[in-house]
Every structure is written in structure tokens, then in C-alpha cells.
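Engineer: Take a look at the following structure, please.
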């Protein structure tokens, strides 16, 4: 399902340069196939704003190569933005009002940074709730990533997330708990997913409220679950959209925070991510960081060039398969008219007929 470059968003050109298939509007208009319209509510902070676009666009673009995808990025109020990020949003993003007017077949909601212990205290909570309220009635299926999962579960079912003793950070093995669900058809029964979060919603809480858990890790808990109807909301607690080096960038950021005295302890390694060679490189670098901090010297450059060849990606293929299943089912269920969520005869309370 190739992406259509229906705007001048720089992400399209960046993906072209990486080898992704991107259709121009003229070519797309000559294909007599009902396109799909997918919203991306991007709530990530400025440093990750465009990377998040690319990550989710890649997963969408890697799906079935027949249907065309129009991805519509938008954001909400209540998120702190630099002038540069705000300019990017103003130039390339659509407004929520426009999204509502035109309609969507599917909606992806990213994670976000928080500054309060409870989600309803965040400035973005009310605008996000308005998106939830509209999408639940007007979109065939919503896919939530990490914090968006926690927010929508609290909004819909009243379940508050629990603060973990330590950050769940790294790459963890998961196992399917229901191999028959169409969302996980023909994917690996065991697969890895990156996690990066301080909070969790537990399997027991999800199942108590009727959510169907599809993939679990002994170490990291639930990654994949769906709403009681089986499809209308898909919940990720992990980050299957992450690039190879997303966790590396987070680790580098935490080292800088330590050097600047923004955190007291030196950051631990993300679990199951760095091999022995990388760990030794980073142990040596830690000594230089500590020395520079103590003496007030300038910090040496992070040894990224020595590390990149040792970083393995063990999650993207499964992520692409899940996205392919998700969007394929949406295509089968959604109405021919863009503003309506289901074709005639589909039960919204059991769209998959399970």
C-alpha cells in the first residue's frame, strides 16, 4: 500500500531517499482504487516530532502494495512547542477541525511526554479527550502507542496506570496469548518489542474490564491488546514503531542529562539492547563522562560511530505484519464513503464477527 505525497511534508522526500515507495498525486489519481485515509495524532516532543512521522509512515507504507494511503498528521493544544516545531506544524499539519470535516478510516495516536503524576492533570488531556470522543464514533479503528494507550484506557474504562519502581526500558521478548485473532494472523508467535516507559497498565486490570490481551512479555507485561469489541481500539504499551537507534538516542540523551546534573545517577543500559562490544565501549565512555563532569571539562563526543554496526533490529518485521493485518481489516470493513466508519451490515460492537 504505497503512501501518496498529497502534501509537501518533508517526511515524504526523506522516505523517498531511504527507498520507500511514495506516489505523487498525479500517478495516484490514475489508479481506480478507493484510497485509505489515516490520521496521525503526533503528540511527541519537538526532538522526536519528525522522527515519529517517519516511523509510523514507514509502517503504513510497508503494508499491502495495492491500496493507496493518505496519512494526515495533526496535533492538539496543550503541548509545549518551540517556534521551529510550531512552524513545521503550521505548514504541514492539518487541524483537528479539518480532520473531522473530511473523515478518517483509521487513526494512530502517538505517545507524549508528561509533567504531572496523573494524566487528567496534563494540559493536553481535554483536547485529547475530544479526539477520543470523536474518533470512537467516526473512525473504523484507533491504534494507540504507549502513553496514548494509558490515556485512552483511563478515558474509556477508568483504569489508572501504575508507576513502576524503575523505568521499563529496553527490548523484550513477547508471546502471543491468542493466535486466532485476525490482528496477529501469520505473525511470529514470539517476537521482540522495545519499551520505554515509567508506568504500566497490568493484564489483570485490562481483562477485568473486558479488554482482550493478545501479546505479553514476562518481563515487560502486556504489549498488545484490543477493546472488548475485538478491533475498534488497538493498544500498544511498547514502541514497535521505533527505529534501530531510537533507544540509543534515548540513552545518549540521558547521559547528557547526567553530565548537566539534570539527573543524579548515571543511566543504566536499556535491557537486551547493547551487545558485549557496545557495553564495553560505553563503560569506557562513562569514565570519561564522569571525569569531564567532575573537572568541568567539555564532554567528549558520544562514540556513536563505533556502536551503530552492533545495533540489531529484532522487532520491525513483526510490527509491519501487525500493521498490515490492521489496515487490511480496516479496508475490508470501512465504508466506501470516507466519513462513515463501517460498510452496511457490519456490527460496530463486533466488527470482525468473532
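Keep in mind that glycine also has a Cβ here, set from the backbone N, Cα and C atoms.
Not my notes, these are from Swiss-Prot:
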- 146: active site, acyl-thioester intermediate (ACT_SITE)
- 239: active site, proton acceptor (ACT_SITE)
- 241: active site (ACT_SITE)
- 167, 196, 253: substrate binding site (BINDING)
- 113: site 'Important for acyl-CoA specificity' (SITE)
- 147: site 'Important for acyl-CoA specificity' (SITE)
- 196: site 'Important for substrate specificity' (SITE)
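For each feature listed, report its degree of burial, its nearest neighbours and the pertinent distances within the displayed model.
Structural biologist: Around the Cβ of residue 146 (active site, acyl-thioester intermediate), 22 further Cβ atoms fall within 10 Å across all displayed protein chains.
Annotation for residue 239 (active site, proton acceptor): spatial neighbours 111, 145, 146, 193, 194, 195, 196, 246, criterion Cβ-Cβ under 8 Å with sequence separation of six or more. According to its DSSP assignment, residue 239 (active site, proton acceptor) is coil.
Cβ neighbours of residue 241 (active site) (same chain, under 8 Å, six or more residues apart in sequence): 52, 55, 56, 58, 59, 145, 319.
On its own chain, residue 167 (substrate binding site) has 196, 197, 198 as residues at least 6 apart in sequence with a Cβ closer than 8 Å to its own Cβ. According to DSSP, residue 167 (substrate binding site) sits within a strand segment.
Under 8 Å, Cβ to Cβ, and six or more positions away along its own chain, residue 113 (site 'Important for acyl-CoA specificity') finds 44, 45.
In the shown protein chains, 23 other C-beta atoms lie within 10 A of the C-beta of residue 147 (site 'Important for acyl-CoA specificity').
Of all the Cβ atoms in the protein chains shown, 17 others lie within 10 Å of the Cβ of residue 196 (substrate binding site).
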Engineer: For residue 253 (substrate binding site), just count the other CB atoms lying within 10 A of its CB, please.
Structural biologist: 12
Engineer: Express the distance between the Cα positions of residue 147 (site 'Important for acyl-CoA specificity') and residue 253 (substrate binding site) as a whole number of Å.
Structural biologist: 20
